[in-house]
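Beneath this line is the structure, given in structure tokens, with notes to follow.
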């Protein structure tokens, strides 16, 4: 009671003491009260047998004291509530009543739950258990993580935790938003779920090409077309922007506009519309310089994007395993495409995996068979000769048609076929030659993977050969137009001079009226002619592609679907059946079309805009055709993470597209009356003019020194040496990787042999043990008898343990458990064991009646055998 009175006095004197110390005191009091109550209860149990009046009195006194203590506690709690502020009352919760030890334990539990959340994917549990454990761990962390702060820093800590969680949620939502902003992502996912990732890879490549062309269109439209339209001279103000008088009557006819003649020819879509003024508008915009730099930057940007994509694909490729090692294991565990969501596609994939297993078994069986190598070589040579003849014939046909079209262009009143003969022939060759190549390739009997690469290479050679043949034929036309320009230049000068002299010959001093631009004779403008040919070729390719999809896929699918009920055979299973999506042909068509865009964009700036519209409509049209008219492939191939093969073709055609443009810039003179470079000997002179007039003198000297062939040739040689060095280093790394793989394979084989040898030695030792069991039992019998006579040592004493261990070490075949735990001895067995009596182990008595005294030829202290 005195202690309680002192404590109450201290609380009255110091009402603002730390609440933690009060809680500790209350806890001590409660523990003391509990101890006293427990002691009293024990006494009651002891004294239940003989209860007396004294015990009853003591119990009543204890009850009274407990009631008084309860009242005092209630009074103390009331005083604390009165003295406490509203802020302290609001913060009184279960988290604040935790001690330091409990906080430390709680922190450990929170860290364990966080670690469990981060490593939940790697747990070998079922998905239901993973989800339940994840929810429990997240709820625990969210509930108790804020209790780890102390004192005044608790709110700040809780605020930091809350902001960290909100930031993580914001990043996750922003990543989802970016995914939703990707064009056609859901459409491509739908195609991927029905047809597999191989078909979806084409649409991903198409989307990538659309993005590249969109950037190119932004460069041309923003830096060339818009400045000329807004700040240049208007239409009809000069001859290059005006339709000639002889063509104005038919300039708006559909047949003329379909051939990109009339008003379209003299528009901003082509090269000849742009003026050669050095600066235009109030901004003094240098249009010729911008036109030249944009034309060069198109190739530079495309080259950078393609190489960057190839590097990214090479870094992201994780290697699909060695084809020569563990072939069936790779096929068993990595063949399935988990993005398939269509039952029909899943069935086809199952059949494809089964077929691939059968093919692998057949390959393994046929790899050891003898074949007629000479016959196969002859057939392959014959197939290559036939394909080369087809390529040469297609090239000659294109050259002949282009030459014929040049004669048709000089004639009047020609038909639609004569005007579009070149485009029609090239489209038909691209349609019928690939199936012919595939038929001829059946003679070669290549592996399907190797045959696919040969087929892609031959189709690419066909497209590229046709394109370059078309360019060579155009170069002949360009040379003829350049010869015509020399004559027409003089005619134009004489016409303008005669008009000026005739106006002055009347004796009037007034300025002569300007000659109507439509009446001025003009040159052929070979750059515009080349641009028109590329635009025609692109548009005809678009139309042929769409008509092929519409007729070859949609109408064919409708025929098979609705006529199958009343036909003689099953049209779905037999001929013609539903069409499959041709991945390789469509990808090569995209690559070939992009090569035409790169070459023609310098002569027709609007060609990139046409290609953007073509890619945009192709995405919707082909997605609709695939989902409505095509069926999944019988062999659904899993798309590789690295598309460097297609990117390599794109890089090759980019380089080959740069060559004709560079030749025309550096070698051919521009037209004298059209285009931004008219009046100059070569197109690249615009750079020299800009450096001389707009830059200081020392900059011009620097550029002249840099352009010196004495510096360019060594720089090119240095680049070639650097490329050779880097190639040698990469080959050395590849050889090192191959050797490392061989070493790892050898180590695996050695470990496998060791395990096999260990298993054989274990079986041999087991046989020896089985043979030695009868003799060992007879030898160990006297020893067991002696052990029974002697008093065994205590098991728990160290002496007993040491003796037991020594006994186990002395007897290698002591019991079954010891033989199972200890590895068998690796001994070399040179002869079969005999069933005779062998010498005992050291420390064992000799069986039988042998003298126990010393042996004559041994000393007294030596053991007797």
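Cβ coordinates are placed from backbone N, Cα and C, and glycine is handled just like the others.
The model shown is predicted, which means the values in this text are computed figures rather than measured ones.
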* Kindly point out the range from 289-307, 308-326, 327-345, 346-364 that TrEMBL annotates with transmembrane segment. => 289-307
* Pick from 246-267, 422-443, 488-509, 510-531: which range does TrEMBL record as transmembrane segment? -> 422-443
* **552-576, 577-601, 677-701, 702-726 - the range that TrEMBL marks as transmembrane segment** => 702-726
* To do: From the ranges 140-160, 161-181, 182-202, 455-475, grab the one TrEMBL calls transmembrane segment.
  => 455-475
* To do: Could you tell me whether the transmembrane segment (381-402) and the transmembrane segment (289-307) have 3+ CB pairs under 8 A, leaving out pairs under 6 positions apart?
  => no
* Give residue numbers and ranges for long-range contacts of the transmembrane segment (455-475): same chain, 6 or more residues beyond its ends, CB-CB under 8 A. => 387, 390-391, 394-396, 398-399, 402-403, 422, 426, 429-430, 433-434, 437-438, 441, 530, 533, 537, 584-585, 588, 591-592, 595-596, 599, 645, 649, 653, 656, 660
* To do: Take every residue in the domain 'TMC' (525-640), average their pLDDT values, and give the whole-number result.
  => 86
* Provide the three-state DSSP residue tally for the domain 'TMC' (525-640): helix first, then strand, then coil. => 82 helix, 4 strand, 30 coil
